[in-house]
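Colleague: Here it is, the structure in full.
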Amino acid sequence: MKTLEDHTILYDNECPLCVNYTRAFVVTGMLEQEGRKPYNDSVGKIEGVDWDRARNEIALVNHRDHTVAYGADAIVAVLANRFPVFRLFTRVRALRWLVGKLYFFVSYNRKVVAPGKVFEGINTCTPSMHYGYRWVYILLTCVMASLVLTNYTQLLVPLVPTSTFGREFLVCGGQLVFQGILVGMLNRQRWIHYLGNMMTVSLLGALLLLPALLLRDVVTTPLPYTIYFMMVVAVMFLEHYRRVKILELPWVVCFTWVLYRFIVLGLIF
């Protein structure tokens, strides 16, 4: 059990993923018991740290030589100390590039996946806005949600018309435009953050629908699937409302989120 001594990793304590994997580093002995500290409580207290960069890339401070590793390099340094094979991710250029891209994709979108209690507070570890990674996230979640809904609507026939991926993707894209225009008029600084959060809610709904798809050969009547679908929509509404409050947007955003779906249903039927 090889422990990386005299190192401190500075994590975002409002990011569940960051909290859990850095805790795992300590629990498994990869880092010392005092080897992790919240970013919020450490700002300005440790020399040599680029605090602005550390919001986007988790910082690993080496107290021996006073150097700091950031992002994927920091995580690989912890893992490679226990498992040397992970050094390949820093030595092989293609692997380092891929790991770096994946890291930034997660890091720049972590606040729309799991937002903190407040949108942006003093000394909070809120990442910078990167439109490229945000739009990739929005597109991927739109595709995933559309795929699940395309399959789920087959379980609702004949209560609802059968659907296609193209239609579901168009509906999802339409809501991005519909809500994006509204939020852009209400608060121009928050619209891209809202769209990311909205698509996380859609992804949550898609994930909740997946278990029902496994029962398609067991339950063959559409009514149970319809009831379950409405339950999932209720969960999505509550989560959407929670995120709208965090973003400090008016309640009308929740109203139009529902209104858009009713408009779509009216056009379909």
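Backbone N, Cα and C define each Cβ position, glycine as well.
Features from TrEMBL:
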type	residues	note
TRANSMEM	135-153	transmembrane segment
TRANSMEM	165-187	transmembrane segment
TRANSMEM	194-215	transmembrane segment
TRANSMEM	221-238	transmembrane segment
TRANSMEM	250-268	transmembrane segment
Colleague: At an 8 Å Cβ cut-off, counting only pairs 6 or more apart in sequence, do the transmembrane segment (250-268) and the transmembrane segment (165-187) clear the bar of 3 or more pairs?
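Modeller: The transmembrane segment (165-187) and the transmembrane segment (250-268): touching, yes.
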Colleague: Which of 135-153, 165-187, 221-238 has the most Cβ pairs closer than 8 Å to the transmembrane segment (194-215)?
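Modeller: Highest pair count goes to 135-153.
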